[in-house]
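Please read the structure below before turning to the comments.
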Amino acid sequence: MNSQPLLLATPSGDVLKLRPEGPWTAANVSALETLSRSVGADVDRFRAVTLDMSGVSALDTLGAWVLEKLSRRAASSGRSAEFVGVADHFSGLLDEVRQVNRHTPAPTAAPNPISLRLYDLGKATVGAREDITIFLQMLGALFMAVIGVLRHPRSLRLTSLVYQLYRIGWQAIPIVALITFLIGAIIAQQGFFHFRRFGAESYTVDMVGILVLRELGVLIVAIMVAGRSGSAYTAELGSMKMREEIDALSTMGLDPVHVLILPRVAALVIALPILAFIGSIAALYGGGLVAQFYGDMGPAIYIARLHEAISVTHFEVGILKAPFMALVIGIVACSEGLRVKGSAESLGRQTTTSVVKSIFLVIVLDGLFAIFFASIGM
Amino acid sequence: MDQSQDLCAIRVRDLVVGFGPQTVLDHLSLDVRRGEILGLVGASGGGKSVLMRTIIGLIPRRSGTIEVMGHPVGDRTQDAATTWGILFQQGALFSSLTVRQNVQFPLRENLVLSQELMDEIAIAKLEMVGLRPQDADKYPAELSGGMTKRVALARALALDPPILFLDEPTSGLDPIAAGDFDALIKTLQKTLGLTVFMVTHDLASLTTVCDRVAALADGKIVAIGPMRELLQSEHPWVRAYFHGKRSQMLQHEMR
């Protein structure tokens with residue numbers, strides 16, 4: 001027996017005799033392709049082709065298909081092709097292969113690139129409208145759920161709320177405090193370094209205080225929470241959606257918004273101002289440490305400067321924004337979670353979308369608040 | 001000895017598998033003959049899937065030997081794709097690839113062949129398992145349960161492996177689809193000369209397609225043979241399995 005497949009072509013009059021030999025199996029596929037290509041031109045020249053299968057030692061679907069393709073090529077345009085000497089245990093496979101690939105689906109015409117662009121643009125526009133609709137729907141559903149809870153306070157899922165508070169509030173404290181501490185320290189260091197040139201070092205404290213309390217404290221914390229907890233919400237609700245848990249809840253007469261989403265969003269709304277406060281304090285502390293070790297400004301002076309520089313208004317401006325940012329993060333995370341379809345890929349995509357969208361919206365919201373507070377003189 | 005080894009596609013001897021303090025398979029021995037369809041039955045959680053996953057190397061064994069096609073199974077699984085095809089219970093299709101790409105995946109990874117041939121082979125396999133070429137560009141998420149199983153079967157068969165492992169192939173299918181699937185496995189087994197190792201609870205598949213049935217209880221194979229012999233078995237668990245209320249109707253037909 002040959003260990004390599006062969007294809008012997010012997011012309012006799014009008015008929016081309018093809019004699020495949022050896023193992024015609026997937027393992028030798030490159031040899032098979034070369035062999036069948038090499039006789040391709042000959043096959044076209046003869047009126048009839050016989051395939052003598054008696055020399056084939058092993059055959060699988062792939063080999064059978066390559067032979068069948070040759071015979072189809074030979075049989076086209078009124079000529080004839082036949083298999084002879086087919087061993088019993090190969091005939092079933094050859095018969096099977098003869099049935100397949102008969103209906104080649106019409107190739108779809110390549111779409112016009114301009115219309116494709118227009119299609120994408122239109123789709124994105126409709127998608128944006130849908131996003132806004134979904135956001136507003138979720139806001140409305142949450143509002144209704146809150147009203148429901150106000151009317152029947154016992155219907156609040158207290159256990160769930162406390163558990164979510166623990167997860168996204170308590171457990172987030174170390175990392176939030178660490179990062180805001182570092183950011184406060186970095187801002188202070190930059191302030192001392194650059195302000196020193198024109199002798200305005202003491203204004204560093206004003207900068208750190210105002211920047212941290214008004215903007216950075218809450219913004220950094222909101223972005224971190226969006227990345228840490230928003231993504232978790234989306235993944236959780238998404239996998240619940242995938243495993244039909246949410247459908248199961250609805251069929252038991254429970255509202256998923258009430259049971260799953262309200263405790264999560266409420267926990268965010270409660271936890272984010274607290275985290276923002278802790279973050280701001282950590283940042284001020286970081287700034288104070290830099291002031292002492294890098295700016296040669298003792299703690300007493302730092303605190304006194306801070307006292308002069310900032311008022312409670314700055315603190316209010318920062319902390320007032322936190323619940324709204326939490327609401328946006330919560331709504332985006334939960335509604336993206338509910339948009340997960342069946343596949344794991346869709347879960348990943350929706351989680352990414354959730355984080356990107358909530359960070360974007362948090363920053364936009366921050367900008368709107370800045371305009372608002374400026375216009376009312378806070 | 002040589003003769004018997006030649007006839008065995010899978011040979012399991014004294015296999016022990018366990019997790020932590022729990023022993024799931026306890027000195028289990030099993031032979032699967034070449035070209036047969038062997039059905040494996042056992043209680044839920046009784047180690048059927050564990051046995052299958054141990055043979056294909058997904059679960060480490062504590063002791064014992066496993067030979068597949070005369071070669072001992074080591075820890076390496078590099079030639080696995082050409083030795084066996086596996087139909088996982090949930091299909092385990094790659095969700096980011098289309099049906100066509102799923103079927104082509106083993107071809108692409110193991111062989112060097114032209115895209116044209118690969119497309120033709122993929123469509124051929126899909127048609128062999130009873131799908132239409134139009135379904136080739138769908139994603140797994142768009143498929144029904146029955147179609148998912150068929151695509152998974154097409155992928156398992158992509159390289160024409162000599163051994164096919166099926167983990168509950170008909171679970172979750174309606175009786176008509178399950179019957180079609182059984183017939184399909186029988187046809188493919190005949191045309192391709194496959195050895196099929198099938199974990200199943202489906203009594204109808206056991207009676208119609210399986211050449212032999214093995215019963216797994218208490219970590220051992222307690223009975224093995226054609227369905228008719230198993231029905232006569234005196235082992236209490238086997239009796240309970242085949243002579244329970246649900247099995248009685250089928251029993252009736254067998255007589």
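Glycine is no exception: its Cβ is also placed from the backbone N, Cα and C atoms.
The structure displayed is predicted, hence computed values, not measured ones.
These features come from TrEMBL:
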type	residues	note
DOMAIN	A:14-100	domain 'STAS'
TRANSMEM	A:132-151	transmembrane segment
TRANSMEM	A:172-195	transmembrane segment
TRANSMEM	A:207-227	transmembrane segment
TRANSMEM	A:265-294	transmembrane segment
TRANSMEM	A:314-334	transmembrane segment
TRANSMEM	A:355-376	transmembrane segment
- Task: Establish whether the number of Cβ pairs under 8 Å between the transmembrane segment (A:207-227) and the transmembrane segment (A:314-334) reaches at least three, counting only pairs separated by 6 or more residues.
- Result: yes
Per the Cβ under 8 Å criterion, with at least 6 residues separating them from its ends, the transmembrane segment (A:172-195) contacts 201, 203-204, 207-208, 211-212, 216-217, 220-221, 224-225, 228-229, 271, 275, 278-280, 282-291, 294-295
Per the Cβ filter (under 8 Å) with a sequence gap of at least 6 from its ends, the transmembrane segment (A:265-294) is approached by 142, 161, 164-165, 167-169, 172-173, 176-189, 192, 204-205, 208-209, 212-213, 216-218, 220-222, 225, 229, 302-303, 306, 315, 318-319, 322-323, 325-327, 329-331, 334
Its residues classified by DSSP, the domain 'STAS' (A:14-100) shows 50 helix, 24 strand, 13 coil
Taken over the domain 'STAS' (A:14-100), the predicted model's pLDDT averages 78
